[in-house]
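Database features (TrEMBL):
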{"type": "DOMAIN", "residues": "25-170", "note": "domain 'F5/8 type C'"}
{"type": "DOMAIN", "residues": "176-359", "note": "domain 'Laminin G'"}
{"type": "DOMAIN", "residues": "365-543", "note": "domain 'Laminin G'"}
{"type": "DOMAIN", "residues": "545-582", "note": "domain 'EGF-like'"}
{"type": "DOMAIN", "residues": "581-640", "note": "domain 'Fibrinogen C-terminal'"}
{"type": "DOMAIN", "residues": "791-960", "note": "domain 'Laminin G'"}
{"type": "DISULFID", "residues": "933-960", "note": "disulfide bond"}
{"type": "DOMAIN", "residues": "961-999", "note": "domain 'EGF-like'"}
{"type": "DOMAIN", "residues": "1017-1200", "note": "domain 'Laminin G'"}
{"type": "REGION", "residues": "1261-1295", "note": "region 'Disordered'"}
{"type": "COMPBIAS", "residues": "1277-1295", "note": "compositional bias 'Basic and acidic residues'"}
């Protein structure tokens, strides 16, 4: 198959060949016109006349305030090709138009509305009087006359309609010929044949007919080129030749356009290069690759233009000849109409009929009912005994009032209505039951339909589309006396006359023309000029219907249903959902199902490209706790026997996978982390890879149709089998068992596991044609696990962005990704054009860490959708974001929160023509950079390889790792590193230290008799909480508010005085922990242990750490560690208070504690922490107005008990909190650091009791933290507002 790429330097636009140059066809067309070229429905006064409506003029046009349907019309003098329009308001005023409709045509009484993409005829206007609003037409059109209809305007400060405008385009040469259905123009090819690799054909046409042949030519080898009109749509049939040998048909059919029978000019361009064809009708372009293998179009003799007329063949059997006008017919640069007009020798006119080289328009005077209150009221002949009403209509609506009239003499009324696509006839008679009948079928199909009603007494006949053979006849008794007025399209709002219009039907929206009443055609212009009729919200002289379902806006084969101003998509049985059937209803992989909570194996439907073009398919998911296997079966699992094949005529065994196409299976393998497929070749005198001689007899074909000459169980591209790796081949001279060519059954088998080569598409066997040769191959199911996209993760640690190729999403885009960050703002991704007139952007809003914003400009200004999350999104947890933008709405969601949605008005069209690369991590010019982690980014189902853009120097790191991973100075003393990605901070809340790195000791000096009390709990725990904790120990952090089976205590101290109690932790049930003596009392029996023989009352700092888990206690004094095991109770119940210096507990105190309690501790203690409680930090660094700390005596802040840090001191020059070199803590000089006054041994004493009393308590949780340096821990997450602490309720256990 050959592929070609070529640029057309010479193009044909609207039938005129010209060289494409930058900035062409934008000449101003109005500025040079005379005043006589301007016409308007009215004027405000002579200073606001129509001829003042030139851009940048000193005034502007304004109509009379009494003008019900104002318009401004311009005669360009000749036909031009139009590309854009620009408008302003009236100079120096409050007068400007905000919305308008543009009509164009070749005559001033026949108009074509300009319809924007999406079917909207309302164009955006101005927002002040001086700025220019420029609208570029999405396809160029030709016109001599232009009419502007203001729809909305500024009304503030006395504003009114005000217009200045300019049109941009260029001159246009028109070559026209008229066809009547019995004529044709035939172009004779040079040398009686045409052989082309590329073609460029252009033709313009307008017609009232739904069917007709435009172009036709054939070749004797089956080549074909036909352009025909069918049911108002254009069909291109092209064939580059059919292969009889391979039974391949080369015919390809493309379809474009809709409602082309509206007598408006339509512009057709066909470009072909080789097998690629672009087919354009107006603004719709269809692209296809021709069937077959040929690239040249071989046509014989001639090309028919407008119809086929030969002897005994007035037209093609299936298609009538064209009736209407053709313009600028160019076939590969040949101007066919100009040649025909000049009677060139290569042009033949069948029957020598005279052609008319001008277009004689038929004056139809259609009207458009397009408003919410539209109606037309016209007069009728009063009291006639016969009624005749005839008209044509076209519409998409299911229901609507077509015609209503009230009979004279109060005889009742007659109503014609559209209901469910049928014409309903209803006759109302006073005092009688109404008569109701229906005729027709699917008349709301957008085509013109004729309604012919004739009625007299007791007889009514209704004919639809002039089918005389099957009219509807009503012969019930009723009396006809015609009324004096008829209503079409609806009833007026002010409807108080005697013969008023009454109906329950909706207003009709669509077009009407050719209205006859009592066999006389209405001239609507005369009736309105003489004020014989009335109307509202009616557009005269044009039919503004448009087909919103062509091309189909519903994706993935969704069915489109439309009304006059909107469409809906039916997505049933497509596997997709949403307004345009864009979003898949299935997960992308078995791994995604597992992560969503589906833990059971079975059949699942997956969609590897999600919203992409591939269809979902069913697979078997084998779920494991840590991964999910995806298994796809096929038709080669049971083995295939092969004989009679040779290396020149091999057997090719295609592998057909169940429920999935080749592209779908390939997409699954491509997105998986790992894939494998078993392959087995069993042989009897049949060689496989032919490893001894070179050219392989057998091989397999995988992804991208690439042939692979290695077998299962070995490495890729080594031309070996698995036995050579294991050194188990039957003949060591060969790399495969089968290559030994023995008359005995052997096999080569193993797993193929190089994912980028899988799945297996074909197996080729080429050595079974010798006598006795036989082979059988088996291919196992494709097995894959993992999802490369879900865990494709990077971290942005510097302000930067990465780029991907620009997105070309047509009219729908969806975005999904996961993110985590501590930052309060940042742009996740952006895609735009060169001037930011088209862009999409998803960002975390800096105004609030709760706001996720989807900002876009894809048509009518900058819009956004803001999701306001109830929780902050910068909590450094993974959040899943989904966003979607289509012609109906824009929406965004995060995690499981509801969608935030912005709906667009009907007839909206989005234009996503992006030219810049996709930026991920920041906006253009690195504005508002995102610092954090991203993973699993997809756009329109396409996964982005984020890890492929890793660049440490630019600040893009693989996996979700920031500055905490390789911090220059790690957080000290168990401080938690808070990732900022570009920087980091240390959370010291769970420590007894302070400072940027949690490296600064917080200590105190205790004088004689001084003490400190820290209240842990205010009340004892309840019996219910204690019982719940016994039943479920893992629930203890929530039921008790603390962990009663584990303790972690650390501090450092220095002193020269003994005895002393350094730390005492009391309980509501008389359990306690005491340090110095070090004592656990979980009962009454005491055991005493000496932990060190070293004298610790030497005035130097000493470090102590004691941890307990259940019954195991580990102690550390300096570097000396000891392990102790308790015998019975392993719970420390209901802790109440911590004491330092002296124990001032109310109630009984253990004798050992009393013996060491006087005169109390004298010296320094630092870094005191019990689990998450730090009493000295709460005293000297409080984070609440009423900290639970009480002191008595002289307790001052000092670092005299600080133990030297193991990691060394933090240099002052790298400490962000450092203020001055002279900073120091006062160290007391009365400790006697150079002499020893006594010995302080360490003991551990235990007491056990057989009876334990559990008290009750009330919970008072701590407040949420305000800063990382506060003394309350972040891990305490039972959130309630903290009130002033009440007095602690003392409770004692009875003896």
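Just so you know, glycine gets a Cβ as well, placed from its N, Cα and C.
All TrEMBL annotations are machine predictions without curation.
Counting C-beta pairs under 8 angstroms (sequence separation of 6 or more), the domain 'Fibrinogen C-terminal' (581-640) fails to reach the domain 'Laminin G' (365-543), with fewer than 3 such pairs. The stretch in closest packing with the domain 'Laminin G' (791-960), judged by the count of Cβ pairs under 8 Å and taken from 25-170, 176-359, 365-543, is 25-170. The sparsest Cβ neighbourhood within 10 Å, among the listed disulfide-bonded residues (933, 960), is found at 960. When the domain 'EGF-like' (961-999) is classified with DSSP, helix, strand and coil residues number 0 helix, 10 strand, 29 coil. Note on the domain 'Fibrinogen C-terminal' (581-640): DSSP counts are 6 helix, 22 strand, 32 coil. For the domain 'F5/8 type C' (25-170), the DSSP counts in helix, strand and coil order read 12 helix, 70 strand, 64 coil. Across the domain 'Laminin G' (791-960), the model assigns an average pLDDT of 90.
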